[in-house]
Amino acid sequence: MFLDTEKGSRGVYITVTATFLVASIFAAARVIGRFGIVKRHGWDDYTFIVAWILAFGLSFTVDFGTSKGFGLYADDTSRHAGTALLRTQYTAIVMFIPALMAAKISILLLYLDIARQSQKFLRVGSYITLAVVLVGGGTLTLMTALRCRPVKAAYSLAAQDPSCIPIQTIWLTAWPINIATELAILVLPIPALATLPLTPLRKTVVMLSFILSVIFIGIVDVARIYNLQLAVLDFQQATDLLLLSPDLSTNANMALLWSAVEVNAAVIGAAIPTLAPVVKRLTPSSLRSMRTFSLLFSSRRGSQDPPRRNALGHQNSRASSDHEPQMNGGTIILMEYTERTAQPQLSDLLPESRDRVYFDFIYLEQPKCIVDMRGCECVKYCSLINLLLFLNGFLYTMLFSINATLPIVQTRTQAVGMVSACYIGAGIFSPSIGYAILRHFGLKATIATSLATSCFGTLIFWPCGAVGSYPGFVVSNVLVGTSLGMMEIVASTFNSLCGPPEYTAVRVLIGTGLEAVGGTLSSLLASKVLSIDVEESHNLVALQWAYLVIALFAVLLGLLYWYVPLPQVMDPDLRTRPNILLVDRSKKYFDVLPVMVTSLAVAVLSGFCAAGALSSLRTTIGSVLSSVSANTKTGLGIAISNFQTSLSAVYASGNFIFAILCLFIPPRIILIGAYGSGITLAVVIASVQFPSASSVQQVTLALSIFIGPIPNLVISIALRGLGWWTALACGLLVSACSLAASIWPWVMLAVSRKESVQRAFYVVVGLFVVGSIFPLYLNLVRSTHTRERPPLSATYAGRTINV
């Protein structure tokens, strides 16, 4: 009946049935190939079968629901049919997450099977993703099944006094986990597959077989979440019973439709990488001959070269169950793609060398020790890291600009809390996590972890913005801050070590200046392009697509930098190289305090004060301008939003100016001058009765030129000549600066409530006074001068530097 008369139900039925039939064809092909042809199967195949069964149950439930009114408007459904529809919807909702989870587990178990003998990145990443899928999927399944009190209220209209968590809210909450694990599944095999000894065409076919299906799953997931978001934004006050509103019923039903399609797509995606044996059997014999494949996929004719070990550490030979009983299913899958590659590869013709990196028939020389970099090498590698800083500043400023347009933050206290959450992540989690990864896994792993954390934190912003969750935004800011802190540790450590030590401050200041330039350009773009009316819910939905774009860009950036050859900042040579450490660790003050530890402790204190003053200025200056404007009855010369952008531009200019000055003036002299100027101008802001608000802006811009570069200059001076200990010292300095930026704005807020906002600037003055201890220490204690310029006998890159 419903197939003849109701277009909505007919469309749902046809779509779900068609996608399940296609999924069943792929599933049958996988089962036949693994159990019948190669006779190699494991836990990934058993989990796949479970996912196929759950996909059938979900598709059948949705199809059955079309006979009960699924896909219709609420006013086309009777109350009796509505109860049956609720039961059908409840069953489909509960089955969705386990079905999708089973398909993802099948793919991850396949990855673990492939990476059993090698590929540490694929193995560790698969285990982490598998843990996230299991814990997240299990938790969300229980939340979905038990979301109502009593539980009966989720599938019956007869329940008395029901209390339910809207399913839209649960699914929106689950979406970051879903999309993050899908991105992980997409990215994890790429480094391993890129090293397969295949021609570009064959390698492309293999990689596409692994990643195209995951991309399609992600697209379907985005379509599903889009319909859910429309339902939440249009009907925030609607109850969870989907029959109360026609449009809400339609949006939620469309979300269930896309849920079934997503599970079926996941089954297809899990089957595609294992279909090589079936395709081989179905291919005509003429195309299966070695000569034909050589003509199709190779620029050379096939030769009878003996089998060799491929890049994944597996022996290339026939996947015969009679001859290779020890091989696992993942090995056989790869061999089905690689076994007919008969020509010798370039990697076989050249001797193996630890100084080479093979990537797509291009040999890249592995960089030498980081402290040996000079001239063009130094510029090249520092430019790569500084480009990452520029893109980092652009992305995060864009992210914070989008957040500022959402009606989440209502009070000044909430605004300070959001900023503090970001800096808490950078101050607590990034030094511990970032330094541990940097030391044990290397520079690229730290960059990848930072961008992955950024991606996950960005994805959480989307559902939080849809449901208006301030706590969710705080959690997201902690993750984003952790990512920022790790990137700062990487960049500052790299710039301080890569090149002549006498130009450390120049390199660090240029890097942070470029980061500020990226933030300024992003702020300008956001103010011009993203200035939309967020009161309109559909405009809000369109704006939040930027979150997905930023997350995807972070993933692509991580993949790009994974293949870029970069010197290691924790190179073992730094431990053994003579004269790398410019500070004698045996020297002590008063035979008690080590010079190295004392200098670092004073630098940490100075960075703590300088960063606290800078953060207090940014969070308080708006209130100061409003107060002066109200008292003097004058307008602002620059609007508040534009003034914050101007401050970012001034910070960037200050970093570049200080970098140029460091070429001619010792950094310790520049630092004490910056502190003196900062104290003077901060006293002016705190004590002078300004005739207009624009005059406050002028003094603040002048102050920003001096105080913006101070934290970075402190870090660069403190990291000079620390050798192997540079990364650890950088982690401590970044932690101190970030924690100060999260603490001192609260002090400013408390003082401004007791005194005037302008008087609260005496806190900034006090911070500058305490922070100036470091430049005074550098100028008055002669034993610290060797950290500014290397001693005459210092040896770098095998030669003596004469200063």
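Any Cβ shown, glycine's included, is placed from N, Cα and C.
The domain 'Rhodopsin' feature in TrEMBL is assigned to 29-281. Annotation comment: TrEMBL describes 90-112, 124-146, 205-226, 255-279, 384-409, 415-438, 545-564, 592-615, 635-662, 669-690, 696-715, 759-780 (among others) as transmembrane segment. TrEMBL lists 299-327 with the feature region 'Disordered'.
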Q.
Take the C-beta pairs under 8 A between the transmembrane segment (545-564) and each of 90-112, 384-409, 592-615, 759-780. Which stretch has the highest count?
A. 384-409
Q.
So, taking each listed stretch (90-112, 669-690, 696-715, 759-780) in turn and counting its Cβ pairs to the transmembrane segment (635-662) that are under 8 angstroms, which one gives the highest count?
A. 696-715
Q) the transmembrane segment (669-690) vs the transmembrane segment (205-226): three or more C-beta pairs under 8 Å (separation of 6 or more)? A) no
Q) Can you name the far-off residues of the same chain, 6+ from the ends of the transmembrane segment (384-409), with a Cβ under 8 Å from a Cβ of it? A) 415, 418, 447, 454, 458, 461, 464-465, 468-470, 473, 480, 484, 487, 490-491, 494-495, 498, 510-512, 514-523, 525-527, 530-532, 534-535, 540, 543-544, 546-547, 550, 553-554, 557, 561, 564, 566, 648
Q) Looking at 90-112, 124-146, 592-615, which one has the highest count of Cβ pairs under 8 angstroms to the transmembrane segment (696-715)? A) 592-615
**Q.** Positions whose Cβ lies under 8 angstroms from the transmembrane segment (124-146), at least six residues beyond its ends
**A.** 93-94, 96-98, 100-101, 104-105, 108-109, 111-112, 115, 165, 167, 170, 173-174, 177, 180-181, 184-185, 188
Q. In this predicted model, what is the average pLDDT of the domain 'Rhodopsin' (29-281)?
A. 77
